[in-house]
């Protein structure tokens, strides 16, 4: 299994729609101001956060149960900047829609710009033949409110191609997050 280069990422995005919308280079400025970079890097793709958020709240004092998650634990927010309360988290989604080839698995890592501020981005791997918008989780590990910027980079996706095709892909299994749109809450 080897990591894929910028050339491969560009080819797969442009010829096979692997990433839409796709930025073939690195974008570091918008409207004359510096932003958290996004687009193609040497061996990965820096994804952007869309402007749809679900901010975790303790208003209802419920127990967090991944098998029976209460949607009322979130406040919906739409905007260019999301403020995450201290020691809390928010869910968001990518601006990009992904179509992962059958021979590929991705690993997604948070950008250091956020990590150095105590904001951790968590995303599970994109499995072979998974497609959809990626649900992102931003954890604010600090005792202060933290900002997340929509339309800017937040994490980097690394693409690994296997030496042989998997026997059963995510699509073959009928994965529960296949084709997701919007911010998707836990499913069992």
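Including glycine, each Cβ sits where the backbone N, Cα and C put it.
Features of the protein shown, as given by Swiss-Prot:
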BINDING   111, 112, 113, 114, 115, 116, 135, 136, 137, 156, 170, 180  dCTP binding site
ACT_SITE  137  active site, proton donor/acceptor
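Structural mapping of features recorded in Swiss-Prot.
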| residue | record | Cβ neighbours (10 Å) |
| --- | --- | --- |
| 111 | dCTP binding site | 19 |
| 113 | dCTP binding site | 15 |
| 115 | dCTP binding site | 13 |
| 135 | dCTP binding site | 20 |
| 137 | dCTP binding site | 17 |
| 170 | dCTP binding site | 21 |
Max CA-CA distance, Å, over listed dCTP-binding residues 111, 112, 113, 114, 115, 116, 135, 136, 137, 156, 170, 180: 33
Assigned element (helix, strand, coil) containing residue 113 (dCTP binding site), judged by DSSP: helix
DSSP output for residue 137 (dCTP binding site) maps to strand
